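Input: a single structure, listed below in structure tokens.
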Amino acid sequence: MDEQTLFLTIVGMALVTYIPRALPVLALSSRSLSPGLRRFLSYVPVAVLSALLVPSLLAPDAKLDVSGTNVFLWVSLILLPFCIRTRSFFGTVALGMGLVALARWGFGI
């Protein structure tokens with residue numbers, strides 16, 4: 001790939017990444033959103049996080065695993081009360097990483 005093609009590819013990828021993010025901001029910056037739309041949009045972060053987490057918890061090796069050897073599932077169940085009580089994303093992630101490391105080291109999983 002020559003330099004011009006590489007440069008145009010990078011510029012094109014930057015535009016394709018930037019434009020979908022900028023358009024809603026530009027289009028909606030001068031408008032106020034309806035309460036129904038605000039309520040709907042408030043569920044988007046939870047839905048995205050769930051869509052990312054559930055497959056990795058239930059199928060860590062690309063196949064369904066709800067057995068007792070699924071460390072990720074057990075640690076997530078242990079962390080649920082901590083997460084609900086503290087509402088600390090960083091604390092939950094840090095404690096989860098520590099518990100997974102401890103479980104793998106202690107149980108040899």
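Glycine residues also receive a Cβ, built from the backbone N, Cα and C atoms like all the rest.
Fair warning: this is a prediction, and the values are worked out from it, not measured in the lab.
Marked as transmembrane segment by TrEMBL: 6-28 (among others).
Taken from TrEMBL, the feature transmembrane segment covers 40-58 (among others). Counting same-chain residues at least six beyond the ends of the transmembrane segment (40-58), those with a Cβ under 8 angstroms from any Cβ of the stretch are 33, 64-66, 70, 72-73, 76.
Residues 53, 56-58, 91-92, 95-96, 99-100, 103-104, 107, 109 of the same chain lie 6+ residues outside the transmembrane segment (64-82) yet bring a C-beta within less than 8 angstroms of a C-beta in it. TrEMBL lists 64-82 (among others) with the feature transmembrane segment.
Sequence-distant contacts of the transmembrane segment (89-107) (same chain, at least 6 residues past either end, Cβ-Cβ under 8 Å): 71-72, 74-76, 78-79, 82-83. TrEMBL lists 89-107 (among others) with the feature transmembrane segment.
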